Amino acid sequence: LLALLHTNFVKMAAVLVYLTIMAAALASAFGELTPDFYSETCPHALTTIKFLVGAAIFREPRMGASLVRLHFHDCFVNGCDGSILLDDTDDMTGEKTAKPNSNSVRGYEVIDTIKAAVNTVCLGNVVSCSDILAVAARDSIVALGGSSYDVLLGRRDATTASMDDANNDIPTPFMDLAALQDSFESHGLSLNDLVVLSGAHTLGYSRCLFFRGRLYNETNTLDPEYAASLDERCPPAGDDDALTSLDDTPTTVDTDYYQGLMQGRALLHSDQQLYQGDGGDADELVKYYSENPSKFWEDFGAAMVKLGNMSPLTGDEGEIRENCRVVNQE
């Protein structure tokens, strides 16, 4: 009797494993992203990504902002498909050399390290580069003091990239509010999403090239004391690559960013556009998040999930790249 029960138990366990794997396969086939997509095919994938993101940020705290930005700039160009990671080839000029990315977006080597490690723990090429970008962004937020959120997984990787699309689709630091809204709405993102996702500028730095115009041409909306401190770091000409933090705590996820907007201390023109002191909807959202940090954590996580769901490749679309920099060889 015991032998019979044991045999039946083994059969039932095998059936459950089979059904779980089939469910994951069906979810992929029908384009459904799920938080547990790799729970059977590579159960150690997410812990591996988390460990290596933490190690990269420990070595250089600024890297957290860079990994978040990689995910943003990837998703805004034809969806979250890892296309930003592709190197140029003789037949394709990719996104790395586009104006919003060239000499600005960084962290590619960290993604290379993560991909190689994940391929090892998964015993093969299982986890897509686009999923690694989404998870690394979340893990960076958490490592620097933000709240966690479930990343939906199951994306596949693009087999091409476009410099022109990157130049046209990524919002710039020179945009007015109307242009920012149009850009976000074209990707299915609302004004609320715009304001809360801009809160990612609680992290990181900007080059002088991107805020020089605001510093010397927008004195009416710039706090004088703050402007004086920027003069020392960003002259009217030259030193384009000189860095200044986007808020006073560039390696901590907090709501200081929103408080800075209300004080005329936004570094970028596009950020100050979110708060113009006219009592508009954007003003009210900035004020709300500055006063409600817990609500910011909650809404930011939800908006990041929404961002990560922009036009993913799933099922038989695209591929899972062995090396995030190049398309798989047939």
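Cβ atoms here come from the backbone N, Cα and C positions, even for glycine.
Noted from TrEMBL: CYS324 is disulfide-bonded to CYS129, selected from CYS122, CYS129, CYS208. The record in TrEMBL pairs CYS122 in a disulfide bond with CYS42, which is drawn from CYS42, CYS75, CYS80. Distance from the CA of HIS201 (heme b binding site) to the CA of ARG69 (site 'Transition state stabilizer') is 9 Å.
With a 10 A radius on its CB, HIS73 (active site, proton acceptor) counts 23 other CB atoms from all the protein chains. Around the Cβ of ARG69 (site 'Transition state stabilizer'), the number of neighbouring Cβ atoms within 10 Å comes to 23. Looking only at the binding-site residues PRO171, HIS201, the densest Cβ neighbourhood within 10 Å occurs at HIS201. PRO171 (substrate binding site) is 9 Å away from HIS73 (active site, proton acceptor) when you measure Cα to Cα.
Summarising model confidence by region, the domain 'Plant heme peroxidase family profile' (32-328) averages a pLDDT of 96.
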